[in-house]
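First comes the structure, then the notes that go with it.
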Amino acid sequence: MNPTIGIVLLYIPVLLFGGLFIVSFWREPRQFRNSIYLSLFIICLATNLLMGFGQEWMVLPILVAITMCPIIVIVFLGINSIVVARHEGLSKTTILPGLLAFAMILFFIAFPVLTAIHAPQTLVSIAGLMVLEGIWFFFTFTALLAYSWIYRMLPKRRRYDYIIIHGAGLQGTEPTPLLRGRIDKAVQLWKRQQGYGKLIASGGQGADEQISEAEAMSRYMRQECGVPAENILLENRSTTTMENLVFSRSLITELSDNNNYRCALVTSDYHVFRAAEYAHRLHLKADGVGSHTKGYYWPTAFIREFVAISINHRWPYIVIACLWLISLMIQTFGPVLPQFIH
C-alpha cells in the first residue's frame, strides 16, 4: 500500500471524531455527546502521533501508567469517602466514593477470577457483561469529567437578562454555606453587569424547612449583599434541578415580551454541566456559571452528577446489554439450530 494512503487511512478516525466534535460543539456546547467525541478524538490523535513519529517505545510506559491509574483512583476514592464522612456525616451520598471504589475492584477481579476457577458459563458471561458495561461507564466518566471542566472554563462575557440561582438547602431559615456560595457568585455576576438584569431565587420549601429556599435566598441578598428587592424574583415551587429550570422559565416567559433574552444558571461547579444540559433540553438559552466547592466534597458530588447524567443517557448501556444477550443466545442455541432446521 502507498505510504501516503496508509497515513490518510490512519487519520480518518481523527478527522471523523474531530469533525463531529467541532460541528456538535458549534451547534450546542451543552451536550453530553461532545464529551464522547472529544475524548475519542484525543485518543485517536495521541495513538497516531505516537506510532507515526516512531515513538513506539512510549507505548509501554503509557500502558504501565494506565494500569496504575485504576489502583491510584481506588485508593483515592476510599480515602475520600472517609474524609467526606468525617466532615459531612455518614449518609448514602457521602459513601458514594467508597461504593465506586468497591465497584472498580469487582470490575477488575470478577471476570479473571471466575475464568480461573472454571465457574459456570452463565456466571462468566454475566461477568463479561459487567466488564463491557464497566468499560463504557469508566470511559464516559473520564470523558465527562474532562469536558465538564472545559465547559466551566469557557469565557462568558454576555450581559444576562436573568440570573437563576439554584437552591441547595437551608440551616433553619438561613442558606447553607454551599447555597451562600451560589448566591455570592450570582450577586458578583450581577454587580459585574452594573446591576443589570433580574436575580431569580429558585427553590421550594422542603418538608423539614421552615421557609422556602427562594425566600431565604432573597432575604440574604437584600440584607447581606445589598440587592434591591425590585431586582429579585422568587420561584418557590421547585424541588429538583429540572423543576428549578421549568418554573424559572415560566416566570421569565411571563415577564419577557419576546424570546430575545439570555440567562445564567448559577450553581455549584460540579453541578454546572447537568444544569446546562437540562436547560438545553428545555430550549432555555442559558450559560452555566459555577461557584466554588470544597475540594474534599468534589468527588462525591461529581459521582452523583455523573450517575444522574448516565440515567438520562442510558441507551448505550441498553444497547450493550442487548448485544451481549444476542451473543449469548447464539452461543447457547447456535450449535443445536441445524438439528431443528433438518
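Each Cβ is built from the backbone N, Cα and C atoms, and glycine gets one as well.
TrEMBL annotations: computationally assigned, not manually curated.
The annotation domain 'DUF218' is assigned in TrEMBL to 161-307. The average pLDDT the prediction assigns to the domain 'DUF218' (161-307) is 92.
A Cβ distance under 8 Å defines the sequence-distant neighbours of the transmembrane segment (6-26), meaning residues of its chain 6+ beyond its ends; these are 33-34, 37-38, 40-41, 44-45, 48, 51-52. For 6-26 (among others), the entry in TrEMBL reads transmembrane segment.
Long-range contacts of the transmembrane segment (35-53) within the same chain: residues 7, 10-11, 13-14, 17-18, 20-21, 24-25, 59, 62, 139-140, 142-144, 146-148, 150, each at least 6 residues beyond the stretch ends and with a Cβ under 8 Å from a Cβ of the stretch. Taken from TrEMBL, the feature transmembrane segment applies to 35-53 (among others).
Annotated transmembrane segment per TrEMBL: 59-83 (among others), in sequence order.
Look at TrEMBL and you will find 95-117 (among others) tagged as transmembrane segment. Taking Cβ pairs closer than 8 Å, the transmembrane segment (95-117) reaches residues 70, 73-75, 77-78, 80-82, 84-85, 123-124, 127-128, 130-131, 134, 138, 299-300, 303-304 in its own chain, all 6 or more past its ends.
Under the heading transmembrane segment, TrEMBL lists 123-150 (among others).
Annotation comment: TrEMBL describes 315-334 (among others) as transmembrane segment. Within the chain, the transmembrane segment (315-334) has long-range Cβ neighbours (under 8 A, six or more residues past its boundaries) at 125, 128-129, 132-133, 136, 140.
Summarised by DSSP class, the composition of the domain 'DUF218' (161-307) is 72 helix, 30 strand, 45 coil.
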